[in-house]
Every structure is written in C-alpha cells, then in structure tokens.
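Colleague: Here you go, one structure.
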Amino acid sequence: MNIGVIGAGSWGTTLADLLSKNGHAVTLWAYEQDLVERMRKSAKNDLYLPDFTLHEKLAYSSDLGEVAAGKDMVVLVAPSQVLRAVVRQAEPHLAKDTILVSAAKGIENDTLMPMSEVLKEVLPEERLQRAAYLSGPTFAREVAAEIPTALTVASEDENIARTVQKIFSCEYFRVYRSSDIVGVELGGALKNVIALAAGISDGLGYGYNARAALITRGLAEMTRIGVAMVARERTFMGLSGMGDLVLTCTGDLSRNRSVGLELGRGRKLEDILSGMRMVAEGVKTTLSAYQLAKRLGVETPIIEQMYLILFENKDPRDAVADLMQRSLKAEMD
C-alpha cells in the first residue's frame, strides 16, 4: 500500500517507520525542509526521535501535495491546533479512494471540536466515510523500540476499521476495532488534562494514594463529558480511555505528566513550556475541556482546578485543598 504520513513529530515518525517496516511504501512529511534533508542523509529524526534509526525504505518530503497525492492511505499526525489548516492544504491532492487516518489527540481551542468534527467541517461527506481515528496508550519511543503495544482504531465503516487494523498491526503493535469515534477521540484528548494533574500531585509529594484518586476521579470526568457528547460509556474503560489515562498519568515518558511535575515543584508554566521542543497537548486541551464542560453543563472539578492553575495562576496546593473539601457525595453518578 502507498501511504503518506503528515507530521514528523515523535509519533508521526514512529508510525511512518512502523508502516514502512510492515512492507508499505511510506513517505513522511515534515514542515522543516532542513529536517527532511537530514533524515534523508542519516535516517534519523534528530529533533523528535533522535535515538532510533528509521527504516531504510522510508521516504521523506516537505511538499505536502506530494505526500498526499495518489496515496491509498494518508495518516494525519499534525498537532491538533493546526490539523484543520494542514488538512485544507492536503485535501485537493487526495485520491478519490484515499483512506484518512487521524492519529492526532486534542480538542480544537477555537471551536471545542474533537478532530473528527474538525474533519467534518473541511472534508466532503464521501471522504469522511473513509476516515478512521487511531488512539490508545502509546509512547512513541516504546513503539519505535518495538515494545509490545495495543491501541484502538475507530471508524463508522467496519471495513475501513478492519483495513486500518490489518495495515498497522504486527508482532509488537496490536490494533483493536471500535465504532465509537467520539469516545475513542475524547479519551485520547482529555487524559492529558488529568495527566497534568497527576504530575502536579507527584511534584507536590502527595504520593500514590493521591495519584490513584486523581486517575479514578479523572476517568469519571472524562466519561461524563463523553456521554454528554453521545459517546459510549464503556469506551472509556478501554485502551483509548483508561489505558491511555493510566499510561500518561504514571509513565516517565509522558510530556504532560512532566509539565505537571515541574508545576508541582514550583516552576512557572511559561518557563517550562519555553524549554520544551515537543508539544504538551494537555495545556491547550485544559482550556478546551474546561469550556466544553461548561457548555455541556457537566461537573468536572479536577478539570476546573487545572484550568485555574494554568490560566488563573491558582496555587496547586490550594487547588488540591478545594478538591478535598468539596461537599460529600456518592461515588457513582
């Protein structure tokens, strides 16, 4: 299969490498022409995945039209806040039967839309019928190292889901199917907010009890938002919900948890972000999730406190105190 991968961050590079290893003809698009030249010469992405040599047959380009044109499949791995613009540029070049796979995690700040809703606004209906959404508990470095990993692909068309499942799966990468697009997407986006909170808790030295409470109650908030958007509750118990949440809240490779750790230790958000090359989606997603919950009329106390910490400069210790002193209630809604 002839595949284009749009986005050469750590995850896009890893997926392109995996697909090339799986025997497909893959071209990886990077915005930076100088990065493309270096990848061609060294078979390494020295900016975002420097410790791994990429598959020898993987091709590279900074020409978006070239990467999108005539492909059987195009994988979208651009950051969520720029995905709309990138897809608009790529769409005129796509073949009629191209399968689109979104592997971007996030909620668009301006519209409060998950990526599937963004694509609905920029793509014709016939293209949306051939779209799928990939999400789950994945650190790019571990997949690049061929460490066993499982995740979920969601599509309205089961045949498309089966095709994507088959193309991506290999001895170390197992893909499950779902038809709950919104649930799979929201799990991958909202867990980043809870990971920031878990990192703050760890940075404050609050220990494992507090982290477990945040993960569990955070999952409840994610599920409430999802159900309000007509996602299936059980989806949040799966790989794209609980699985991704646990990984991102506990794994040392989590960028969002790392940002939270530094906040808990007293560093300023702007100082933390200025020293990061890769995107921590959770910061922007916190704003979107907070506004989305307000719009939906959903109670999300952890997300609300994260908004106050990140955007209103609330002291994290005060936020924890306010969470602990809320009115007492039953655990299950």
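Glycine residues also receive a Cβ, built from the backbone N, Cα and C atoms like all the rest.
Since this is a predicted model, take the numbers as computed values, not measurements.
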Colleague: Given Swiss-Prot annotates Lys105, Gly136, Thr138, Asp244, Ser254, Arg255, Asn256 as sn-glycerol 3-phosphate-binding, which of Lys57, Lys191, Lys294 belongs to that site as well?
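Modeller: Candidate listed by Swiss-Prot for the same site: Lys191.
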Colleague: Where Ser254 (sn-glycerol 3-phosphate binding site) and Ala140 (NADPH binding site) are concerned, what is their Cα separation in Å, rounded?
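Modeller: Rounded to a whole number, the Cα-Cα distance is 10 Å.
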Colleague: Using a 10 Å radius around each Cβ and all protein chains in view, which of these binding-site residues has the most neighbours: Asp244, Glu281?
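Modeller: That would be Asp244, with the most Cβ atoms nearby.
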Colleague: What does the structure give for the C-alpha distance between Arg255 (NADPH binding site) and Thr138 (sn-glycerol 3-phosphate binding site)? Integer Å is fine.
Modeller: 12
Colleague: Give me the Cα-Cα distance between Ala140 (NADPH binding site) and Asp244 (sn-glycerol 3-phosphate binding site), rounded to a whole Å.
Modeller: 13
Colleague: Helix, strand or coil at Gly136 (sn-glycerol 3-phosphate binding site), per DSSP?
Modeller: coil
Colleague: Take the C-alpha atoms of Glu281 (NADPH binding site) and Asn256 (sn-glycerol 3-phosphate binding site) and report the distance between them in angstrom, rounded.
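Modeller: Answer for this pair: 7 Å between alpha carbons.
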Colleague: Cα distance, Thr138 (sn-glycerol 3-phosphate binding site) to Trp11 (NADPH binding site), nearest Å?
Modeller: 9
